[in-house]
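This report concerns only the one structure given below.
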Amino acid sequence: MSCRYMAAVSSSLLRSSITLSPFNPLKPPNSIRLIQSSFQLPARQCPRRAMSRVGATHDEEAAARAAATEADSGAPTIFDKIISKEIPSSIVYEDDKVLAFRDINPQAPVHVLVIPKLRDGLTELGKLHFVSRMIPILMAEPRHEDILGHLLHASKIVAEKEGIVDGFRVVINSGASACQSVYHLHLHVLGGRQLKWPPG
């Protein structure tokens, strides 16, 4: 039987038979743990990592599509809250123009985001959005050349600080098809392991 079929059967049985213990509502009763263990397949038949990666990919794509629908609102993003220190972050580098901090969902031993402190319409590299028919949110254009160059220079500084200057990757996701989830232009600095090609 396939891994998906077994997972579906297990999930269905659990849903139909779960009643949480009144003594500890967070801990399922022994009968549930027995059902769970009886439907676990050996790792080589149904690797957990592969299954969770497929789920993560679908979640990332869904999040990117949802974020794209909000991109035109002009509302503050999570990065604005990180810049204002309203949301804490693990800062790696900061100057008057950019902020670099560790990604909370790292895809490599070193995964740092580098963002401009002033968005100034720089939400993505690609296309032009409109908040209304009269108010555009502009993407990268000639006036952004200085900050785009500064972001790349800051990425090199981050690589030096993190000890990966001998081999690292800088990625910009632009648009929903590239799984951009925050519409405040940002660079991913990745390293600390062998990076593969093609990347995705």
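Positions of Cβ are set from backbone N, Cα and C atoms, glycine also.
Note that TrEMBL annotation is computational and uncurated.
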Matching range for TrEMBL feature annotation, motif 'Histidine triad motif', among 74-78, 129-133, 174-178, 184-188:
184-188
Around His186 (active site, tele-AMP-histidine intermediate), which residues of its chain at least 6 apart sit with Cβ under 8 Å of its Cβ?
Phe79, Leu113, Val114, Ile115, Ile172
Which sequence-distant residues neighbour the motif 'Histidine triad motif' (184-188)? Criterion: at least 6 residues beyond either end, Cβ under 8 Å.
77, 79-80, 103, 107, 111-116, 119, 122-125, 140, 151-152, 155, 169-173
Which residue counts does DSSP yield for the motif 'Histidine triad motif' (184-188) in the helix, strand and coil classes, in that order?
0 helix, 2 strand, 3 coil
